[in-house]
Amino acid sequence: MLGDEILEQLKNEVTQYEYETYISQMKYDAEASKSDLAVFYVPNLFLVSWVQTKYASKIAHLFEARTHIEPEIKICVKTQQKDVKTQQNEKIQKISVTKTFLNPSYTFESFVIGESNKFAFSIAQAVAQHQASKYNPVLIYGGTGLGKTHLLNAIGNQASQEGKNIIYVTAEQFLNDYTNHLNMKTMDRFREKYRKCDYLLIDDIQFFGGKDRTQDEFFHTFNELHNNQKQIVMTSDKHPRKIEGLEDRLRSRFEWGISADIIPPEIETKIAIVKQKCSINSIIIDEETINFIASNISNVRQIEGVLIKLNAQASIMGQQINLKMAKNAIKDNIKENHENITLDKIINQVARVLNIKPSEIKSKSRTKNVANARRYVIYLARLLTPNSMPVLAKELNMKDHSAISKAYKKMEQEMEESFTLKAVIEDIRNKIEEEQEDKPF
Ligand code: ADP
Ligand code: MG
């Protein structure tokens with residue numbers, strides 16, 4: 001069956017880990033599928049959301065490459081009931097997914113509002129209601145796992161209910177789509193698709209940095225939509241000013257409208273998020289354990305990962321989630337995440353965020369930016385790798401271990417005093433940990 005072949009083909013498109021963890025759980029339903037509709041089953045709701053966000057559009061493109069029709073992708077849950085009688089009547093819960101590949105569970109209602117995200121939330125809601133109002137374009141930026149993609153989808157979900165024509169793509173998909181159409185000599189179709197929508201929702205535009213041809217195409221798309229009073233909403237993991245290799249003409253256009261940043265949530269918001277995720281997924285956890293999870297994780301994506309893991313463990317062991325399990329889950333999570341982190345990975349990520357060359361960090365340069373970068377690296381290396389202080393001193397070309405120790409202590413103190421610095425370090429750490437393996441925790 002074509003669907004099975006496509007799943008097989010995905011082996012070459014994703015990491016082995018992703019294939020084994022997610023793709024291998026997908027089953028193609030040939031009977032329910034048609035030329036413009038491909039139906040897949042997965043075993044639980046978490047996977048619906050994950051597969052939808054990460055792979056649906058990739059799968060659609062693989063179909064399109066074979067059949068020249070880009071099908072709608074439906075991901076459904078197939079639940080197995082415990083007693084024999086209902087097992088025979090497998091309950092199939094269908095979740096309809098539109099061709100725009102929006103994630104239907106990312107809505108305004110399912111978004112927990114707190115100090116850290118309320119400005120971004122209210123702007124998102126405003127644009128969902130009044131297309132091309134005074135905010136155009138809108139840019140939502142901030143660290144990973146803090147809800148940017150969720151808000152972008154929420155705008156799309158609400159506006160599409162009102163009959164608006166939505167395109168939701170990541171900047172990477174925009175680039176792939178562009179190259180495919182260019183190769184197939186179907187640029188007319190590409191332009192028609194992107195320039196005829198009411199809302200263009202484009203995720204992770206930092207990806208455009210350094211991709212000149214795609215930026216050029218996006219520039220024209222942007223102008224056309226803006227001139228026709230169509231709404232453009234973008235997200236980025238950093239402010240456009242800090243995106244390396246972004247053309248000035250695009251950067252200045254991004255500043256025409258309004259931008260809103262999201263910062264890591266404060267403890268009250270995290271507690272509310274944990275409670276909300278538990279209630280949506282029927283997970284029962286006591287207050288003490290909720291507080292523990294909320295105070296030890298800052299990234300919402302990782303909170304979700306730990307909850308998935310705890311939920312699975314609790315059901316296998318036939319007992320309720322407790323504090324000890326949560327402590328172990330968080331410890332394992334950290335350990336697994338850290339296994340392959342090397343000093344070079346830390347250096348590269350810090351260099352990327354501070355816009356300097358990795359080699360400068362290892363040099364003797366004393367400029368402020370490089371000195372800061374070096375201190376960030378020292379702090380993160382002590383936290384995430386087993387390297388000893390003498391080893392770090394040697395690798396970073398510093399005098400001796402006491403220079404490392406001094407730098408580390410100074411960082412600790414500064415982070416205590418500056419919330420912004422703490423957020424910057426937290427974000428770099430998230431990025432390093434995410435780089436490890438593309439998995440939800
Ligand atoms: P980003 O795009 O900023 O990296 P996402 O939007 O993908 O982050 O969010 C990661 C996960 O955390 C998603 O599953 C999202 O639903 C959830 N999440 C983030 N912020 C919130 C929030 N304020 N309320 C509810 N869920 C959230
Ligand atoms: Mg995102």
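Every residue number used here counts from 1 along the chain in the order it is shown.
Each Cβ is built from the backbone N, Cα and C atoms, and glycine gets one as well.
Whatever TrEMBL says is automated annotation, not expert-curated.
Predicted, not measured: the structure shown is a model, and the values here were computed from it.
Some features that TrEMBL has for this protein:
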- 1-86: region 'Domain I, interacts with DnaA modulators' (REGION)
- 134-260: domain 'AAA+ ATPase' (DOMAIN)
- GLY145, GLY147, LYS148, THR149: ATP binding site (BINDING)
- 315-441: region 'Domain IV, binds dsDNA' (REGION)
- 342-411: domain 'Chromosomal replication initiator DnaA C-terminal' (DOMAIN)
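Sorting each residue of the domain 'Chromosomal replication initiator DnaA C-terminal' (342-411) by its DSSP state yields 52 helix, 0 strand, 18 coil. THR149 (ATP binding site): 21 other CB atoms within 10 A of its CB, across all protein chains. With a cut-off of 6 Å between Cβ and the nearest atom of ligand 2, the binding-site residues GLY147, LYS148, THR149 reduce to LYS148, THR149.
Within the same chain, the residues at least 6 positions away from GLY145 (ATP binding site) whose Cβ sits under 8 Å from its Cβ are ASN299, VAL300, ARG301, GLN302, ASN430, GLU434, listed in sequence order. What surrounds the ATP site, by Cβ distance within 8 Å of the Cβ centroid and not counting GLY145, GLY147, LYS148, THR149, is the set GLY142, THR144, LEU146, HIS150, LEU151, THR235, ILE262, VAL300, ARG301 from the same chain. For the region 'Domain I, interacts with DnaA modulators' (1-86), DSSP puts the residue distribution at 46 helix, 17 strand, 23 coil. Less than 8 angstroms from the CB of LYS148 (ATP binding site) sit ALA120, ILE140, TYR141, GLY142, ASP203, THR235, ASP237, ILE262, each of them six or more residues away in the same chain. Each residue in the domain 'AAA+ ATPase' (134-260) gets a DSSP state, and the totals come to 66 helix, 24 strand, 37 coil.
Model confidence over the domain 'AAA+ ATPase' (134-260) is summarised by a mean pLDDT of 93.
Residue density at GLY147 (ATP binding site): 25 other Cβ atoms are found within 10 A of its Cβ, drawing on all protein chains shown.
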